[in-house]
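*Asks:* I'd like to ask you about the structure that follows.
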Amino acid sequence: MNLNELITHIPINQTIGNSDIEITRLEFDSRKIVSGSLFVATRGTAVDGHTFISAAIEKGATAVVCETLPENLSAEVCYLQTGNSAEALGQLAHCWFGEPSKHLTLVGVTGTNGKTTIATLLYQLFLKEGFSAGLLSTVCNYINERAVEATHTTPDPLELNSLLADMVESGCTHAFMEVSSHAVDQRRIAGLEFAGAIFTNLTRDHMDYHHTVENYLKAKKRFFDDLAPEAFALTNADDKNGFVMLQNTKAKKFSYATRTIADFKGKIIEESFEGMLLQINEHEVSVPFIGRFNVSNLLAVAGAAILLGIPEIEALQQLSTLHPVSGRFEALRSPSGYTAIVDYAHTPDALNNVLSTINDIVKGKNEVITVVGCGGNRDKGKRPMMAKEAVTASTKVIITSDNPRDEEPMDIINDMLAGLSTTEKRHTLTLVNREQAIRAACMLAKPGDVILVAGKGHEDYQIIKGVKHHFDDKEVLLEFFKTEQ
Ligand SMILES: CC(=O)N[C@H]1[C@@H](OP(=O)(O)OP(=O)(O)OC[C@H]2O[C@@H](n3ccc(=O)[nH]c3=O)[C@H](O)[C@@H]2O)O[C@H](CO)[C@@H](O)[C@@H]1O[C@H](C)C(=O)N[C@@H](C)C(=O)N[C@H](CCC(=O)O)C(=O)O
Ligand SMILES: Nc1ncnc2c1ncn2[C@@H]1O[C@H](COP(=O)(O)OP(=O)(O)OP(=O)(O)O)[C@@H](O)[C@H]1O
Ligand SMILES: N[C@H](CCC[C@H](N)C(=O)O)C(=O)O
Ligand SMILES: [Mg+2]
């Protein structure tokens with residue numbers, strides 16, 4: 001593609017060299033440059049891409065987009081100085097891949113928890129309604145039914161626009177994606193045209209990255225601020241920041257809630273480990289989901305579907321046919337009569353929601369045994385809170401490893417234990433080995449008890465010292481169940 005055509009949509013403050021040249025590849029990683037590439041130098045969280053401009057040129061880059069021009073300029077290279085390289089990368093990727101989001105009804109979901117659930121259920125619903133649809137999610141990306149491995153909750157701009165272009169080429173009319181706060185902050189979604197945006201909730205997460213809740217809120221809010229007037233913005237009116245997210249949006253505002261006035265209102269009529277009977281607006285709907293938090297998720301799904309043109313009755317009927325996302329409140333019945341729940345809860349609020357749901361069903365008649373850890377190289381502040389949530393709402397707790405990554409597992413466990421009183425610690429088991437921790441919970445459980453294995457959900461790996469080992473909570477449980485038969 002001609003460079004002049006590519007840079008039409010980005011603000012260029014200064015051009016040095018000939019920009020009427022053909023570009024063979026758009027890249028932001030100097031290690032992937034090929035001859036004729038346009039290299040975009042972005043300031044990262046670990047290093048500054050500007051330090052790799054010369055390396056990119058040595059590998060054949062013939063054009064460079066950067067915020068700061070290098071001291072030594074090459075006569076064979078076109079330099080384009082811009083105010084924000086990350087923003088420019090998003091716009092360039094949008095253009096490079098043929099502006100795919102213009103040819104899709106693209107809906108983004110943001111918030112601390114519920115993004116994967118809502119985006120995946122919308123994708124399922126639109127497939128069931130006969131549409132060709134795509135999904136970008138933490139668990140997996142899909143182009144119609146074709147699975148593409150997910151490296152992130154929200155991919156980098158090149159991978160993101162490449163996947164969207166693949167969806168267009170595959171005949172997709174709708175695409176649903178998660179918009180993480182990192183993605184908004186790093187401008188991975190720059191240039192995308194959204195038909196709608198959904199806000200789930202804002203509670204503690206990613207403080208290791210955003211450092212303050214205010215920064216975290218601002219990152220998510222920017223997603224709504226940037227929406228076009230013809231888009232819809234659907235927010236959770238139960239969340240205290242629900243309308244804060246929408247206060248500067250130009251989009252059409254709508255809300256959903258279980259506890260207050262809203263465009264899409266719902267509540268639980270009945271609940272068991274098999275599912276719930278809900279009242280949504282003036283209709284009763286039976287769904288194979290559990291927990292008040294899932295009522296919110298399902299209201300967002302139904303609301304967005306209706307705003308996208310699905311008749312209300314059809315949208316609500318479809319809710320009954322949807323199936324839970326892998327690793328989100330997955331109930332496994334043991335041969336000896338206890339139930340094990342595998343769930344992805346890895347924030348204090350998520351753990352609180354899941355344990356509240358379990359206790360609403362168990363009602364104190366049986367034991368609730370929780371196995372939980374915290375990820376390494378992630379928010380340390382949440383660790384004592386996670387332990388406290390687990391101990392407060394469980395009869396037994398086993399603290400263990402999640403993805404230790406580059407940290408010492410015992411250091412993470414000790415950070416968690418710091419949230420407990422002496423008495424609470426005395427009643428809490430710690431086992432660094434996650435498999436042993438899950439097995440111990442199964443050995444402790446009696447018929448009717450509930451085990452919650454929290455934090456990893458769908459993950460089939462455990463990251464230890466940079467190595468991704470195979471590990472799957474569900475597999476460990478099913479292996480133990482075999483010993484009970
Ligand atoms: C902390 C973080 O978000 N990092 C993301 C970020 O990388 P970075 O800024 O750290 O990159 P860097 O290493 O500092 O490099 C800066 C720049 O120099 C360039 N570079 C670097 C080295 C070199 O030799 N040559 C070169 O050109 C890099 O290509 C980059 O453009 O931009 C990269 C490209 O988009 C991402 O792959 C990377 O995700 C890392 C791997 C990551 O783990 N991110 C997690 C925290 C994340 O994004 N999580 C969210 C939310 C998760 C959730 O809540 O579900 C997600 O959306 O997945
Ligand atoms: N609406 C909600 N409110 C609070 N907790 C929720 C909600 N929906 C799901 N959860 C809890 O949070 C966990 C993660 O859910 P989900 O994967 O849908 O969130 P997410 O926003 O995609 O998370 P991540 O940011 O890690 O990708 C679930 O396993 C459940 O414990
Ligand atoms: N079990 C994972 C859950 C968080 C994954 C994702 N939300 C992220 O922050 O990368 C961990 O804590 O390591
Ligand atoms: Mg997710």
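Cβ atoms here come from the backbone N, Cα and C positions, even for glycine.
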*Asks:* Of 346-349, 402-405, 422-425, which range does TrEMBL call motif 'Meso-diaminopimelate recognition motif'?
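*Replies:* Per TrEMBL, the stretch marked motif 'Meso-diaminopimelate recognition motif' is 402-405.
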*Asks:* Please pick, from R328, R333, R378, the residue that TrEMBL records in the meso-2,6-diaminopimelate site together with D402, N403, P404, R405, G455, E459.
*Replies:* R378
*Asks:* Quick one: DSSP breakdown of the motif 'Meso-diaminopimelate recognition motif' (402-405) into helix, strand and coil?
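*Replies:* The breakdown for the motif 'Meso-diaminopimelate recognition motif' (402-405) reads 0 helix, 1 strand, 3 coil.
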*Asks:* Helix, strand, coil: count each for the residues of the domain 'Mur ligase N-terminal catalytic' (22-93), based on DSSP.
*Replies:* 22 helix, 19 strand, 31 coil
*Asks:* Need one number for the meso-2,6-diaminopimelate-binding residues R378, D402, N403, P404, R405, G455, E459: the maximum pairwise CA distance in Å, whole number please.
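*Replies:* Farthest Cα pair among residues binding meso-2,6-diaminopimelate: 16 Å.
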*Asks:* State the count of C-beta atoms found within 10 angstroms of the C-beta of T117 (ATP binding site), not counting that atom itself.
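*Replies:* Within a 10 Å radius of the Cβ of T117 (ATP binding site) lie 28 other Cβ atoms.
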*Asks:* Given G114, K220, R378, D402, P404, G455 as the recorded positions, which ones have a Cβ positioned under 6 Å from some atom of ligand 2?
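*Replies:* By the Cβ criterion, which requires under 6 Å to ligand 2, the hits are G114.
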*Asks:* Around G111 (ATP binding site), how many other CB atoms lie within 10 A of its CB?
*Replies:* 27
*Asks:* Going by Cα-Cα distance, pick out whichever of the binding-site residues R378, R405, G455 is nearest to G114 (ATP binding site).
*Replies:* G455
